[in-house]
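Participant: My questions all concern the structure below.
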Ligand code: RTP
Ligand code: MG
């Protein structure tokens, strides 16, 4: 079953949005298979955002993501990678629609509440960066097979 890496960024944690965000993915029908509140070490932040190394905002991005605790999660379900991106909304909150997480809660591009893997390759890479194999659990719920 497909898995993705999602993370409530420091602004989302500070604004008490962990529960709201977890709740949206639960209600959608996805399954939480790993989660932890953590501070991101500098080196992990630089690796995680490695694709943006040459961008002018890289320093700011790493500084922000290491500025306070984040809530790191792994979610599972059919098409969870793309669906989670849709539920998050556009990167820049000026373009993210109401009803999406960024559309409802974020106002600036640098502080946009949530991170989500953008492809199967990123998901595998990011899950591996943030979680050990034994931190992920596999379990089934005793309900309809289309609720993941
Ligand atoms: P994320 O990686 O955090 O889930 O966000 P994303 O895929 O929607 O956007 P991405 O292009 O990967 O950019 C990563 C984060 O960098 C910040 N950003 N700032 N100042 C700027 O122009 C700018 N552009 C991007 C955003 O916080 C974005 O989430
Ligand atoms: Mg990204």
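Glycine is treated like the rest: Cβ placed from N, Cα and C.
Dumping what TrEMBL says about this protein:
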- 115: active site, pros-phosphohistidine intermediate (ACT_SITE)
- 9, 57, 85, 91, 102, 112: ATP binding site (BINDING)
- 1-138: domain 'Nucleoside diphosphate kinase-like' (DOMAIN)
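Buried or exposed, and what's around them? Tell me for each listed feature.
Facilitator: Secondary structure at residue 115 (active site, pros-phosphohistidine intermediate), taken from DSSP and collapsed to helix, strand or coil, is strand. Sequence-distant neighbours of residue 115 (active site, pros-phosphohistidine intermediate) (same chain, 6+ apart, CB under 8 A from its CB) are 5, 6, 7, 9.
Around residue 85 (ATP binding site), the C-beta neighbours below 8 angstroms that are at least 6 residues distant in the chain are 116, 118.
The average pLDDT for the domain 'Nucleoside diphosphate kinase-like' (1-138) in the predicted structure is 97.
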Participant: Taking ligand 1 as the reference, state which of the recorded positions 9, 85, 91, 112, 115 have a Cβ closer than 6 Å to one of its atoms.
Facilitator: 91, 112, 115
